Every structure is written in structure tokens, then in C-alpha cells.
Amino acid sequence: RSIMLKPFPQAFRLSELHCLFHTEMGRNQTSVTEFLLLGFCLDPRIQMLLFGLFSLFYTFTLLGNGLILGVISLDSRLHTPMYFFLSHLAVVDIAYACNTVPQMLVNLLKPDQPISFAGCLTQTFLFLSFAHIECLLLVVMSYDRYVAICHPLRYSVIMSWRVCISLVVTSWILGVLLALVHLLLLIPLPFCGPQKVNHFFCEIIAVLKLACADTHINEIMVLAGAVSVLVGPFSSIVISYIYILCAILKIQSGEGRQKAFSTCSSHLCVVGLFYVTAIIMYVGPRYGNPKEQKKYLLLFHSLFNPMLNPLIYSLRNKEVKDALKRMLEKERIS
């Protein structure tokens, strides 16, 4: 009888340990209320130098995109579908930069300054939303150029204001909904430490690596979202520009050909900067140890792209330059 009774206390102790283990795990999972962004692991003097440079770039981003918005709204000659889409792109670039750069600047000044759990998830959601919206807007802009060059006589009918507004609204709604899917999959995940995000901001893949659960479904959804929002649209843009190039080569007048090339080349530069870096980060090969390279590539993507977009459109686009000249002349006269 004594031999038969010995396993029961042992089994009871094991079950007690099992319950205590799960209780402790639950406490650890709910105890993570903030994250620490690693950002740049550099000398404090270099970080101060970067703070100055990035603050300057951030200011240029806001001023450049704000100037584009101002010129388009004030000059009636730019009240066309192309510049309507460009104004929304400028709004997205401003929001895109405002979501990530201020936190980056705070981390350069105070590397130990944490970000709250809710703030981190909000930043992830907004980053994905604005990235998706920009992808879709660039596709809409390429379609606009395709219709303008390949079907110029039917342009006003095809690209009516009703169609333009519908395309923009659809881009914003789809961008937010796609980001919401990732957020809803991210919220239930338990985070029980470590709390250090190896990035400049709460980028979704860097945050997923801190989860204390299987994130296989989340990673599949990130890849699927990247393929659907990046590879598919980029392929459609490439195809549309093949048709555009063929149509431009058929234009007889050199002035008309040059004007078509100038407007399309500006859009192509923006598309190249945005899509190539994004595809490398989220769809590119994952062998080796590309973490640091992709981290700095995303720095370029989130900091320099929004700053370069208005420069590309203002320097390479004759209509924008003429509008700027007219606006400056009015200021001098007044």
C-alpha cells in the first residue's frame, strides 16, 4: 500500500509546478508595458551629429512637401488629376515622416527613453498604413500617366474627377484595412521579454521577433501583404510604362516627346526609390545575416524618400517649376 501511495504526492507536486510555471509566464507576458528601441549603437558625439543632420532632413521633408501642397492648391493650372494625386502623395510623405522620424530623434538624444506598448503598436500600424497607401497611390499615378499618353483624346472622360476621387479614397481605405489586418494579428501575441527592439522605430518584423509565441502566421501575412502590395503593383507599373514608352516613341514633335518624358521620368524616379528598397526589405532573400543592412535600408526608405520626392517632382517637372516661378513673382510684386 505504501508503494502504491508514493506516486500521488509526486504527481501532485508536478501539477503544482506546472500551474505555477504558467501563472508566472502569464505575469511576465502582461508585465511588458514598454519597449526600448536600440537604434544607433554609436558614440554619443556621433549620435549628436546624426541628430542635427536628421533634424535638417526632417525639416526639408516637411517644407518640401508643404511647398508642393501649397503650389498645387494656389495655382489653378495645376488643378489636374496628376497633381491631385501628387498632393495626396505629399500628404502621405509628411505623415510617413512624422510617424517615424520624431521617435528616431528622441532616441538619438536619449537612447534609454522607452516607448509604451500602445505607442509601439500605434507606430507600427501607422507605418504600415502610410506605406500601403503610398504603394497604391504610385500605381494610380502610373495609370494616370498611361491614360494621358496612350489615350490622350479620352483622358478627360476616363480620368474624370469622380474617378480620381474614387481612386484616392480606395487607396486610403485599402491601405488602412491592410495595416489593420497586421495589427489585429499582432495584438493577441504575448510579449514576455526581452524588451529591446533592434530598430529605429517599431517596425513590424522587429517587433514580431520579441513575441513569446509562434509568429509563423504573422510572418506569412507580412510576406503575403508585401507580395500583394509591392510585387503586384510594381509589375503593373512596369507593364504600363512599357506601353507608355512605346507611345512616346511614336510622338512626332520633339517638344511633346520631351514633355512626356519629363513627367514620366519624375514618377519613375519616385517609383524606383520606393518600390526597390521596399521589395528588398520585405520580399528579398533572407539568407545570411542581413538584419543590419535592411535596418539601414529602411532608414533610407523612411527618412530620405519623403524628402527626395518633392525635390524630384520640383526639379524634374517643368510645370511645377513654372508654378513656383509664378508664385515667387506674385510675392515680389505684392
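Every residue, even glycine, has its Cβ placed from backbone N, Cα and C.
If you check TrEMBL, you get these features:
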- 46-71: transmembrane segment (TRANSMEM)
- 64-313: domain 'G-protein coupled receptors family 1 profile' (DOMAIN)
- 83-105: transmembrane segment (TRANSMEM)
- 125-143: transmembrane segment (TRANSMEM)
- 163-187: transmembrane segment (TRANSMEM)
- 220-248: transmembrane segment (TRANSMEM)
- 260-284: transmembrane segment (TRANSMEM)
- 296-315: transmembrane segment (TRANSMEM)
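Against the transmembrane segment (260-284), the recorded stretches 83-105, 125-143, 163-187, 220-248, 296-315 differ in Cβ pairs under 8 Å, and the greatest number is found for 220-248. Contact counts against the transmembrane segment (125-143), taken as Cβ pairs under 8 Å, peak for 163-187 among the stretches 83-105, 163-187, 220-248, 296-315. Contact between the transmembrane segment (83-105) and the transmembrane segment (296-315) is supported by 3 or more Cβ pairs under 8 Å, counting only residues 6 or more apart in sequence.
Long-range Cβ contacts of the transmembrane segment (296-315) within its own chain (Cβ-Cβ under 8 Å, at least 6 residues beyond either end) map to 54, 57-58, 60-61, 64-65, 67-68, 86, 89-90, 93-94, 96-97, 100-101, 104, 127, 199-201, 203, 266, 269-270, 273-274, 277-278, 280-281, 321, 324.
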